[in-house]
Amino acid sequence: MTNVVVVGSQWGDEGKGKIVDWLSERADIVVRYQGGHNAGHTLVIDGTSYKLSLLPSGVVRPGKMAVIGNGVVVDPHALIAEIGRLEAQGVTVTPDNLRIADNATLILSLHRELDAMREDAASNSGTKIGTTRRGIGPAYEDKVGRRAIRVMDLADLDSLAGKVDRILTHHNALRRGLGVAEVSHQTIMDELTSIADRVLPFRDTVWLFLDKERRKGSRILFEGAQGSLLDIDHGTYPFVTSSNTVAGQAAAGSGMGPGSLGYILGITKAYTTRVGEGPFPTELKDAIGEFLGEKGHEFGVVTGRKRRCGWFDAALVRQSIATNGITGIALTKLDVLDGLEELKICVGYMLDGEQIDHLPASQGAQARVEPVYITLEGWKESTVGARSWADLPAQAIKYVRQVEELIGAPVALLSTSPERDDTILVTDPFED
């Protein structure tokens, strides 16, 4: 038995929700360890759809413990609203099935406002990142700047006032520079005191809780958000998120040591998508790109934004295999490729006349690379709902085997529809 870390191996939207839900049935505890409410997913359980963006997937399954780790930035209003939506669907959320790290950073209204103001200003100059405007980046900035308000601060109103003064010294200076009104001390104090009683019951010393559970032999599933190519260090900077999204963050963002992580499962879409700005070497701006987007329902859960679509990029996924230490992948949305006469896979790039096998870190170089493709025969038969290799067309199996060879990692799970049971299990990550 081992613990499992789930990471996206591309730019997010790889289908982590279904796989995490499938794995969470086998887990005792599901832990979010980075990001905020900027990446959503939909779970379908017994015909009911649950849309989650901040809460770990385990919260909707009876008998499971959901944990929000210290690496997550928590918008308390988004948290309360999401709990309310789940309760309206009959899901009970209490400290018996949700814990939040007392040292997790809070997202405040001033973070959301700053995020939006920066994006608006950048839009006018053509340099926008394409954030969700939910305050994620500014909250992480305050965390690193040692001025953040954390969950535990809600329990100590005597010291909270001084911490609010500290954060406002920084933010009001920025607001003056941007030509907008300053935020008053009382506004932030009222904002925090109004939600304290709703958030504090979930507060816990999460690293200690998880350590005790690990020693008891509990199965722990670490649920990543976004994808490895959006990592603040290893992604396509500056078109990235504001946290580390690679598997190593599961240790830092939960308070558990790296030796506790176990199997690293990389969720990998059978083609490539990206939402927002940034380089995308295999992007298809033609009828095939439209086909993938429409058949794959490629619209963001949180923002509703249309995703850009392209061919599978083995060079990029190979990088993610390395930066995450991925043990095996879950290949998703194979069924979206049904009906295409031929398929292409990117195996490397041409950069200034030279072939390279990885995407360079330089923003300028990323903009100049041209993909190098191999072409495979497609298949006409349907793969929808396949639950064994015998159900797959020969060419689909060949495609999967080619992906394995090019990325240097085996397929542990193969998903053939949004339904959780339409999954071919090759290796159970918890039993590895």
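Just so it is clear, glycine is given a Cβ too, placed from its N, Cα and C backbone atoms.
Secondary structure from DSSP puts ASP13 (active site, proton acceptor) in coil. If you look up Swiss-Prot, you'll see ASP13 marked as active site, proton acceptor, on the strength of sequence analysis.
Sequence annotations record features per position, and here Swiss-Prot assigns active site, proton donor to HIS41 based on sequence analysis. In three-state terms derived from DSSP, HIS41 (active site, proton donor) belongs to an extended strand segment.
Under the heading GTP binding site, Swiss-Prot lists 12-18, 40-42, ARG307, 333-335, 415-417, citing sequence analysis as support. In the three-state DSSP scheme, ARG307 (substrate binding site) is classed as coil. Same-chain residues at least 6 positions away in sequence with a Cβ under 8 Å from that of ARG307 (substrate binding site) are, in sequence order, ASP13, THR273, ARG274, VAL275, GLY293, GLU298, PHE299, GLY300.
Look at Swiss-Prot and you will find ASP13, GLY40 tagged as Mg(2+) binding site.
The feature IMP binding site is assigned by Swiss-Prot to ASP13, GLU14, GLY15, LYS16, ASN38, ALA39, GLY40, HIS41, THR132, ARG146, GLN226, THR241, ARG305.
Long-range Cβ proximity for LYS306 (substrate binding site), meaning a same-chain Cβ under 8 A and a gap of 6 or more residues, is found for VAL275, GLY293, GLU298, PHE299. Taken from Swiss-Prot, the feature substrate binding site applies to VAL301, VAL302, THR303, GLY304, ARG305, LYS306, ARG307, supported by sequence analysis.
Counting every protein chain shown, the number of other Cβ atoms lying within 10 Å of the Cβ of ARG305 (IMP binding site) is 13.
In the shown protein chains, 23 other C-beta atoms lie within 10 A of the C-beta of HIS41 (active site, proton donor). Cα separation, THR132 (IMP binding site) to GLY304 (substrate binding site), rounded: 10 Å. Within 10 Å of HIS41 (active site, proton donor), judged by CA to CA distance, lie the following binding-site residues from the set LYS18, GLY304, ARG305: LYS18.
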